[in-house]
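A short worksheet on the structure shown next.
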Amino acid sequence: MSADARWLAGLEDRARGLLPAPVLEYVLQGAGDSVSTAEAVAAWQRVRLLPHVLRDVTQLDLGVTVLGSRVELPWGVAPTTLQRAVHPDGELAMARATAEAGGLMVVSSNAGTTFEQIAQTGVTWWLQAYLPADRTLAEPMLARAVDAGAGAVVLTVDTPVVGTKHHVGERVWDVVDPALLRVNFDEGHDQQPGADKATDLGPHDLDWLAERTGLPVVVKGVLRPDDARRCVQAGARAVWVSNHGGRQLDRAVATVDALGAVVDEVGEDAEVYVDGGLRTGLDVVTAAASGADAVFLGRSPLLALAEGQEGVARLHRLLREQWAEALRLTGCRSVADTRGLTAAPAPNSL
Ligand SMILES: Cc1cc2nc3c(=O)[nH]c(=O)nc-3n(C[C@H](O)[C@H](O)[C@H](O)COP(=O)(O)O)c2cc1C
């Protein structure tokens, strides 16, 4: 194994040495019995590819255009809470390394760094939002994101309640400094009546968000084609196939198994993204081949962040090399070229 491949494979082990136990547990954990989390990585490895040959793969187009913005990588950083507990520089280090790579970062509304500071790094960024029971309470936070230049708003819809997670010893919430998160909300926001997560989200909320922000709306946490169609009918510009890294409904389907039907249903009318268990350049090719317009990575960049900005920069660099190699080996030059590369799943894997 090359030094680079060893570094990539060792992300979790090194983070184990760097992070306090409750923070590491928070990053890695899944909901319930962690069935969905545990199967996510292997699910991509089940897919088999039918590569092209006799094609010129000298020049590659490694980037993509998402919602009208050109980015130099087909993966974005998924929104993750507690980046400042993983590294003191938190979202800033994540944003700087991602900006340097020409990538896209989706910033959690729970972020511990102000949107203005993140925007100043020059990164292309979108806001991820949960909506509260009283929607108007979200307005100041949404306005701050718009003022700071968010390019889209991603509404996470798989979290009417936070999925229960088992833990050993102290919970991260018992040890983490509350100043490390939710700095883009008004002071006292969480104590107000109606600040809990909405349990009555509906298609009309997409309209409301688009109208309040003037931004394209992406819906994150969709697994079914019928829901994807409802999102697009309600004005969503993109649908993000996700089971929240297995942190919400345990036993939710692996995203690779949900992606194809969503692409078939809405792929002509909206962009389709996917996340969950994607770890390598070959996984990115597999997702693109299965119809994803872009993919997102949650735990990988978060574990790399334990090693600071340089860790995230190295992750982007290594994945870029793997992605380029995988493209050439499949006889493809771009995301668009990869469509239809998928063959049947591996024998005995069903
Ligand atoms: C520690 C952690 C915190 C997360 N926080 C958020 C969040 O604030 N908002 C959100 O929409 N998703 C959140 N997610 C889910 C990710 O955006 C993403 O869907 C998931 O991590 C993808 O799977 P992967 O970790 O296997 O790449 C979080 C995931 C992790 C691991």
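Backbone N, Cα and C define each Cβ position, glycine as well.
Marked as active site, proton acceptor by TrEMBL: His244. Cβ neighbour count for His244 (active site, proton acceptor) (all protein chains, 10 Å cutoff from its Cβ): 24.
Under the heading glyoxylate binding site, TrEMBL lists Tyr26, His244, Arg247. His244 (active site, proton acceptor) falls within a helical segment according to DSSP.
Here TrEMBL flags Ser108, Gln128, Tyr130, Thr156, Lys220, Ser242, Asp275, Gly276, Gly277, Leu278, Arg279, Gly298, Arg299 as FMN binding site. Secondary structure at Ser108 (FMN binding site), taken from DSSP and collapsed to helix, strand or coil, is strand. Just so you know, the Cβ of Ser108 (FMN binding site) picks up 22 other Cβ atoms within 10 Å once every protein chain is counted.
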Which of the listed binding-site residues (Tyr26, Tyr130) has the least company, meaning the fewest other Cβ atoms within 10 Å of its Cβ? Tyr130
Near ligand 1, meaning Cβ under 6 Å from any of its atoms: which of the binding-site residues Ser108, Tyr130, Arg279 fit that description? Ser108
Within 10 Å of Tyr130 (FMN binding site) (Cα to Cα), which of the recorded positions Tyr26, His244, Arg247 do you find? none
Among Ser108, Gln128, Tyr130, Thr156, Lys220, Ser242, Asp275, Gly276, Gly277, Leu278, Arg279, Gly298, Arg299, which the record lists as binding FMN, the farthest-apart pair of C-alpha atoms sits at a distance in angstrom of 26
If you measure Arg279 (FMN binding site) to Tyr26 (glyoxylate binding site) at Cα, how many Å is it? 18
